[in-house]
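As structure tokens, the structure follows; a few thoughts come after it.
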Amino acid sequence: MNKFIAAEAAECIGCHACEIACAVAHNQENWPLSHSDFRPRIHVVGKGQAANPVACHHCNNAPCVTACPVNALTFQSDSVQLDEQKCIGCKRCAIACPFGVVEMVDTIAQKCDLCNQRSSGTQACIEVCPTQALRLMDDKGLQQIKVARQRKTAAGKASSDAQPSRSAALLPVNSRKGADKISASERKTHFGEIYCGLDPQQATYESDRCVYCAEKANCNWHCPLHNAIPDYIRLVQEGKIIEAAELCHQTSSLPEICGRVCPQDRLCEGACTLKDHSGAVSIGNLERYITDTALAMGWRPDVSKVVPRSEKVAVIGAGPAGLGCADILARAGVQVDVFDRHPEIGGMLTFGIPPFKLDKTVLSQRREIFTAMGIDFHLNCEIGRDITFSDLTSEYDAVFIGVGTYGMMRADLPHEDAPGVIQALPFLTAHTRQLMGLPESEEYPLTDVEGKRVVVLGGGDTTMDCLRTSIRLNAASVTCAYRRDEVSMPGSRKEVVNAREEGVEFQFNVQPQYIACDEDGRLTAVGLIRTAMGEPGPDGRRRPRPVAGSEFELPADVLIMAFGFQAHAMPWLQGSGIKLDKWGLIQTGDVGYLPTQTHLKKVFAGGDAVHGADLVVTAMAAGRQAARDMLTLFDTKAS
């Protein structure tokens, strides 16, 4: 008699805990290293309260078993089992399966095996389901349920005898509130943070809304750091703020910063079970609340029991990747020296993100914390100018490169170098330096936009930063021109809302064609053509198509190009043996190397300099991984 996992669709809340438990169980109980490695054998179809988990039915006389030409699939122990060593990737089983639950992964069939190799003997998905919507069933049990339902229906008791739904009892009735926000009329007059931190009552309210889907929940998985989100939210419920801060710092080096600048709507909050029900739990605000509150109470990371090691590591770059790497190494007892060409730590966090999103005193406080942990910072120190790369590789046991991507993408339009046309990063950096009391630099000259018509080309978060900075600098008008529709904008939804509230005008579905200048060569307008959304490209995003005859000019005194970032030149790497790809990014993790190890084995790299411009949290995760790889290298040498 066959056994299989049966789902009670009415009780499924769409939390995806079953998928995560399955993927983790088949990865030695560890998080998969990447989303491409996330391969659950059970799948939730639909979403919210219309969701339903689907897995292999382990059929008697299974069509997949009959179809397999090499006997890789056999019926044993009341279930259909797969011998991956025999599988030849012919796909006959996937075609034969009437339920579509046999997949091909890297040319090998994959299906539910009822966790037959799991030491506990239990099925991971059943074990973790918060509403008990999954159960191990056989044909006899299924028939009994069917007969019982038929009898109730015949007796007219199907509805009157219905039990209260477990899923309905679990889901909260309170809707999301989030953090208070300063009014647009007030906040656009200054550069202070616009979001107020949660107070204890607000934090309790939000934490009480969490349904604690599972210890390893969907929000954990969609956080690149795999923060223990349900667990630290539970600690907030219990009033254990110090313990929550300790837990946050186990997986994150900058939780108070991520709580402010992470695009939670695309990560943890976007994966929250309550997103389409009563609104996602305000995870980012809770993360900020935990760390801000704990630090205000005097909490600091305790490194008093750290045993010093003999190794020394040089970290190039004091951005999120470098700080993440230094944090892990310092906690392991390694002596760490961080080198950065800027006068303060943080990289883009300090000089690329405006103060109204991230107050710079937050970075100053974090620098004090890292210094107290034993990390030495060498600022205003540029590799190749103040110290050579070969000096670092000869003096240190390992080197980490986390320099980010500071190259700016161009549009290749006529007159792109005309007066009044500027790039986003120099614009943002110059004004941030001014607010910090730093002198104006030749690399980052100030741009006066007061009383001028400002147009920003782009649609990401950097675009929003330029727009909102221009508003605060008293521009006469500020307009965003983006070639796709609003739904296709790559930036955070809340940043678009904030910009619109503050007075930014949006021109969607317009593509730049040229830059118009007067007889003196100064900018007067940007030539645009309207677009219509076409079919999706290889990346899944719909492509804009120019609409013939729709050309027009948008007057502008200042035009800011915000098309994103790419690798910048690193001449100090020449002759080192470290390989770059065709985009100028550092190559790591080739066969025979650790994931973040370059072709020069004592040099590691991570963050945007390896993967291209991405998020603060992904850069930090890469830096922390590099530190773990270094420790693996050190321990291997020691043994």
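Note: Cβ is positioned from N, Cα and C throughout, glycine not excepted.
Database features, via Swiss-Prot:
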type	residues	note
BINDING	Cys12, Cys15, Cys18, Cys129	[4Fe-4S] cluster 1 binding site
BINDING	Cys22, Cys112, Cys115, Cys125	[4Fe-4S] cluster 2 binding site
BINDING	Cys56, Cys59, Cys64, Cys97	[4Fe-4S] cluster 3 binding site
BINDING	Cys68, Cys87, Cys90, Cys93	[4Fe-4S] cluster 4 binding site
BINDING	Cys210, Cys213, Cys219, Cys223	[4Fe-4S] cluster 5 binding site
DOMAIN	3-32	domain '4Fe-4S ferredoxin-type 1'
DOMAIN	47-77	domain '4Fe-4S ferredoxin-type 2'
DOMAIN	78-107	domain '4Fe-4S ferredoxin-type 3'
DOMAIN	110-139	domain '4Fe-4S ferredoxin-type 4'
DOMAIN	201-235	domain '4Fe-4S ferredoxin-type 5'
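Cβ-based neighbour count (10 Å, all protein chains) for Cys12 ([4Fe-4S] cluster 1 binding site) stands at 24. For the binding-site residues shown (Cys22, Cys64, Cys115), fewest C-beta neighbours within 10 angstroms: Cys115. For Cys15 ([4Fe-4S] cluster 1 binding site), the Cβ neighbour count at a 10 Å cut-off comes to 29, with all displayed protein chains included. Taking only the Cα positions, the spacing between Cys22 ([4Fe-4S] cluster 2 binding site) and Cys223 ([4Fe-4S] cluster 5 binding site) is 18 angstrom. Cys18 ([4Fe-4S] cluster 1 binding site) and Cys125 ([4Fe-4S] cluster 2 binding site) have their C-alpha atoms 4 Å apart, to the nearest angstrom.
The highest tally of CB pairs under 8 A with the domain '4Fe-4S ferredoxin-type 5' (201-235), across 3-32, 47-77, 110-139, is held by 3-32. Averaged over the domain '4Fe-4S ferredoxin-type 5' (201-235), the predicted model has a pLDDT of 96.
Among the binding-site residues Cys90, Cys93, Cys115, Cys210, Cys219, the ones whose Cα sits within 10 Å of the Cα of Cys64 ([4Fe-4S] cluster 3 binding site) are Cys93.
Just so you know, the Cβ of Cys213 ([4Fe-4S] cluster 5 binding site) picks up 26 other Cβ atoms within 10 Å once every protein chain is counted. Geometry remark: Cys97 ([4Fe-4S] cluster 3 binding site) versus Cys68 ([4Fe-4S] cluster 4 binding site), CA distance 11 Å.
Sparsest Cβ environment among the binding-site residues Cys59, Cys68, Cys125, Cys223 (other Cβ atoms counted within 10 Å): Cys59.
If one looks beyond the domain '4Fe-4S ferredoxin-type 2' (47-77) by at least 6 residues along the same chain, the residues whose Cβ comes under 8 Å of a Cβ in the stretch are 1-5, 7, 9, 12-14, 18-19, 41, 83-84, 86-88, 90, 92-99, 101-102, 109, 111-112, 114, 116, 125, 133-134, 139, 167, 276-277. Closest to Cys90 ([4Fe-4S] cluster 4 binding site) by Cα-Cα distance, out of the binding-site residues Cys59, Cys112, Cys115, is Cys112. Closest by Cα distance to Cys219 ([4Fe-4S] cluster 5 binding site), from the binding-site residues Cys56, Cys68, Cys87, Cys115, is Cys115. Those same-chain residues not listed among Cys12, Cys15, Cys18, Cys129 yet with C-beta within 8 angstroms of the centroid of the [4Fe-4S] cluster 1 site C-beta atoms are Ile13, Gly14, His16, Ala17, Val44, Ala51, Pro53, Cys125, Val128, Pro130, Thr131, Ala133, Leu134, Cys213.
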